[in-house]
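Enquirer: Take this structure, written in structure tokens, and hold onto it; I'll ask about it next.
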Amino acid sequence: MEGYILSLDEGTTSARAIVFDREGNIKGIGQYEFPQYYPKPGWVEHNPMEIWDAQVRAIKTAIQKAKVEPAQIKAIGITNQRETTIVWDKNGNPLYNAIVWQCRRTAEMVEEIKREYGDLIKEKTGLIPDAYFSASKIRWLLDNVPRLREKAERGEVLFGTVDSFLIYKLTGEHVTDYSNASRTMLFNIKKLDWDEELLEIFKIPEGILPEVRESSEIYGYTRILGNEIPVSGDAGDQQAALFGQAGFETGMVKATYGTGNFILVNTGKTVRYSENLLTTIAWGLDGKVTYALEGSIFITGAAVQWLRDGIKIIKHASETEDLAEKLESNEGVYFVPAFVGLGAPYWDQFARGLIIGITRGTGREHLARATLEAIAYLTRDVIEEMEKLVGIKELRVDGGATANDFLMQFQADILNRRVVRPVVKETTALGAAYLAGLAVDYWESLEEIESLWRVEKIFEPRMDEETREKLYRGWKEAVKRAMGWAKVISS
């Protein structure tokens, strides 16, 4: 009987389940959305039980659509939105809503801690202190949910990121993997353990934390489909995408084009620090840890959504490609989509969106082109930062916006690097499936996985150097003018 791997891909707005075969082909997908809650400005929450219910429905739909028997599922892998923080009791019941990675409620707390301990935190965790990561969210819960700290001291509270919660609901085991642990701002990425000094700074009892394991091993067994199935793969979404892109060698880099862009480069067994990028754990496998540098760009695909829903100059995201191609060049129009500040490598929370260079002749095609170009410029900003530490030959891409050929060609041109789009676009779920399959010998080795990675299209750079650098200089100038704007208007 043919065997398959089930991958659970738990995102920020939906829970998905995908069944993969031995060649990495998709046999069936289930996907269900769940709501986000905004109790106060800047606060973002999920109901963990709504995530769980959506995930269970997605699993059942994927199995049904794949037309496979539960007994044919050889292992389950999990990948997840990272940093989102959940606390629950030993019966698996949540004790508060999940505090989502986007939530800014702890920004002031983190600013205070950063002033005193910023360098220490970066040295130990690889992260630039921010409300984005789990540590301050856990502290907020312990300080604000009635009796939670008291219960935690009695050993009645469990914390985890979403992967950890799902593994607990599936198997009863309280574990996470290295990649997810490295996003909590509590995990020492050199010692590979929870850091006592950081736990003290954030006033978090160690007893609530999950055991940290490799990204590919059997964590426990589940009977979600009736029969016993090992849960044996776990990685945060961006790390899973790098694994799914077979980015196993030092210097291999992937960019995921979603609401924002996330760019990860494999730095091998070495912990490398960059002033403007995050250092993170890519995965733990066969007793070895692989590290990565990460650049997070907050707004990319969301800028295209704004063209559609905000100023309503397009009906569908795909229209931007045709509009952009109506022009020979950007005609001096730049758009810096700093709607929520700028992420890597600028880290300016006071930057705001800017459109510059418009004239009476500027039309919607200019705005569409400037938006797509901005995504490519922002990606180059991060890759230039990475290249200071590690050589990069090509960019492997995934995510919704990679279907846009204009964007992919412009990306290759502005980077002066080959851009490679794979056949299977679901690289995040595929990465989790590979990790799960390796643990149960469904796949034998990284070499076998590498041989399954297939190219759909390669975009070679075609732009001359003078044009490329002139365009990029214009971009850098536009960014300068967008930076700090929120401070200017509030002073």
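Numbering starts at 1 and runs along the chain as displayed.
Using N, Cα and C of the backbone, Cβ positions are placed for all residues, glycine too.
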Enquirer: For the glycerol site that Swiss-Prot describes with R82, E83, D237, Q238, which of these is also annotated: Y32, Y37, Y132?
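Expert: Between Y32, Y37, Y132, Swiss-Prot records just one in the glycerol site with R82, E83, D237, Q238, namely Y132.
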Enquirer: Since Swiss-Prot lists T12, T13, S14, G301, Q305, G400 for ATP, which candidate among T61, T250, T256, T259 does it give for that site as well?
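Expert: Among T61, T250, T256, T259, only T259 appears alongside T12, T13, S14, G301, Q305, G400 as ATP-binding in Swiss-Prot.
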Enquirer: Looking only at Cβ atoms, how many others are within 10 Å of the one on E83 (sn-glycerol 3-phosphate binding site)?
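Expert: Its Cβ has 25 other Cβ atoms within 10 Å.
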Enquirer: Between R16, Q238, which of the binding-site residues has the fewest other CB atoms within 10 angstroms in the structure shown?
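Expert: Looking at the binding-site residues R16, Q238, the Cβ with the fewest others within 10 Å is that of R16.
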Enquirer: State the three-class DSSP label for T259 (ATP binding site), counting H, G and I as helix, E and B as strand, and everything else as coil.
Expert: coil
Enquirer: Closest to Y132 (sn-glycerol 3-phosphate binding site): which of the binding-site residues G301, Q305, G400, going by Cα position?
Expert: G301
Enquirer: Would you list, in sequence order, the residues of this chain other than T12, R82, E83, Y132, D237 that have their CB within 8 A of the centroid of the site's CB atoms, where the site is the one recorded for sn-glycerol 3-phosphate?
Expert: N80, Q81, T84, W101, R183, G236
Enquirer: Taking the recorded glycerol site as R82, E83, Y132, D237, Q238, identify the other residues of that chain whose CB atom sits within 8 Å of the mean position of the site's CB atoms, giving them in sequence order.
Expert: Q81, T84, W101, R183, G236, F262
Enquirer: Let me check the 10 A CB neighbour count of D237 (sn-glycerol 3-phosphate binding site). How many other CB atoms are there?
Expert: 26
Enquirer: Would you list, in sequence order, the binding-site residues among R82, E83, Q238, N404 whose CA lies within 10 Å of the CA of T12 (ATP binding site)?
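Expert: For T12 (ATP binding site), the binding-site residues whose Cα atoms are within 10 Å come to R82.
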